[in-house]
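Undergrad: Here it is: the structure, laid out below.
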2 protein chains.
Amino acid sequence: MSKKRPLILVTNDDGINAPGIRTLIDVMNTLGDVMVVAPDSPQSGMGHAITINDTLYCNSINVVNGDPHKEYSCSGTPVDCVKIAVNEILKRKPDLCVSGINHGSNSSINVIYSGTMSAAVEAGTLGIPSIGFSLLDYSMEADFGPAKKFVKAIAQQTIKNGLPKGVVLNVNIPKLNASEIKGIKVCRQANAHWEEKFDKRTNPLGRDYYWLTGEFVNEDKGEDTDEWALHNGFVSVVPVQFDLTAHHAMKELNTWDF
Amino acid sequence: MSKKRPLILVTNDDGINAPGIRTLIDVMNTLGDVMVVAPDSPQSGMGHAITINDTLYCNSINVVNGDPHKEYSCSGTPVDCVKIAVNEILKRKPDLCVSGINHGSNSSINVIYSGTMSAAVEAGTLGIPSIGFSLLDYSMEADFGPAKKFVKAIAQQTIKNGLPKGVVLNVNIPKLNASEIKGIKVCRQANAHWEEKFDKRTNPLGRDYYWLTGEFVNEDKGEDTDEWALHNGFVSVVPVQFDLTAHHAMKELNTWDF
């Protein structure tokens, strides 16, 4: 690894034209050889969706302003992008996969809805050290500047140390100025959930329809959670696994009388 | 719970007209008051996708042949169906949510791609005891008959015992005759992954496109896994959690020099 430049796959779920992925590409160009394979349109909230009953298009894009990386735009989901990058576009398995920087939080329970994190998890299932990055600012005008040094530090450490088998990183960055961010904290996922509110309306033809809206409810008072870290000015790093087995529940289930 | 009939929410990802959900409804009608809220079209491979930039329609459907349950057809994903059922359609929180019976396996790593399991997980985040059921037969002509008694037994035990907080069940049923199924085994998720193969084609306008195909690779020789159980004639029950924190990796990450 120390002899050659690492090969880095970059993707996201806000689409290839989102400002967040541009920041991520800039940082990764300082660390290795970069291949971008990202959705051609926004895919927020797609979770771990894959395209199984439709065609996939994947097109090379001209990189402007002389940057050294290569870019492909793909018609599928974030998970599709990782699959097609690894199997059809890249000549070898990448040394790192980074996804984001997402416009908006993927802390706590949001990890299960997140296309950003699903791309990182998918790369993880393929044995690639992977990180999802998110900034706690939904705006397309968000300032990704303060995030840069943390993204770089975490990516460098991941390239250097690797990650335990079956583990990827979920990194969230608070919406603060660089001078206000206190550092990086390794955390557990806070125990929180969404309380939905549906906005019911009637369309011009008289048919009822809904918009999904909701409120994030954090029931977890722990000071070792990602929510606590973010509210207290830290960048949160949660190690995420895709073995979903609740090992602690097996003993109880084995007492059931089926 | 023993005094009144339990309220049971039924959903799936193959769509409200799939044979698998009809079997599930039949069994649940013997156990409680059933409300069906399911996608109006197939949603396989949708993972934990939600509809955040589009409208949602949800329509009451006439139940034929005098069955006692109620049905709604919804334009969204499996997760949307659970959210709208709990927040807009049901008058109280259900005592059980069941999803499926899926046409095809959701064992091992398939849990992360599965709309069936995402619906169950979503209900779990809302504090509802939940189970995803899948039959290892993709055919629309699959025989769901042998599954019935296992579905009933597992649902009954879940209503009776509840589930530990933060845990839902992933149940897979082998494609065997009733007399060949040996029983129910509580298992861990096997360590397996998909090796993708993309089928590259050219459309009539000369543009390249892909179909996603793949091969399931099980690297896990353990006899305590869902894959082992299914290959050896058992129904597999994996307790699944949605706290994805890899607690075992935190110590190592805390040694990193950020």
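Indices start at 1 and increase along the chain as displayed.
Keep in mind that glycine also has a Cβ here, set from the backbone N, Cα and C atoms.
TrEMBL: automatically predicted annotations, no manual curation.
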Undergrad: Name the residue, out of A:Ser44, A:Ser73, A:Ser130, A:Ser139, that TrEMBL lists for the same divalent metal cation site as A:Asp13, A:Asp14, A:Asn102, please.
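TA: Of A:Ser44, A:Ser73, A:Ser130, A:Ser139, A:Ser44 joins A:Asp13, A:Asp14, A:Asn102 in the divalent metal cation site that TrEMBL records.
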Undergrad: Per residue, counting other C-beta atoms within 10 angstroms of the C-beta, which of the binding-site residues A:Asp13, A:Asp14 reaches the highest number?
TA: A:Asp13
Undergrad: I'd like to know which binding-site residues lie near chain B: of A:Asp13, A:Asp14, A:Ser44, A:Asn102, which have a CB under 8 A from one of its CB atoms?
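TA: Sorted by position along the sequence, the hits are A:Ser44.
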Undergrad: Can you list, in sequence order, the residues of the same chain other than A:Asp13, A:Asp14, A:Ser44, A:Asn102 whose CB lies within 8 Å of the CB centroid of the divalent metal cation site?
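TA: After dropping the recorded site residues, what remains is A:Asn12, A:Gly15, A:Ala18, A:Gly20, A:Pro42, A:Gln43, A:Pro78, A:Gly100, A:His103, A:Gly104, A:Ser114, A:Gly115, A:Thr116.
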Undergrad: Given the binding-site residues A:Ser44, A:Asn102, which one's Cβ is surrounded by the fewest other Cβ atoms within 10 Å?
TA: A:Ser44
Undergrad: Look up A:Asp13 (divalent metal cation binding site) in the DSSP assignment and report helix, strand or coil.
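TA: Coil, per DSSP.
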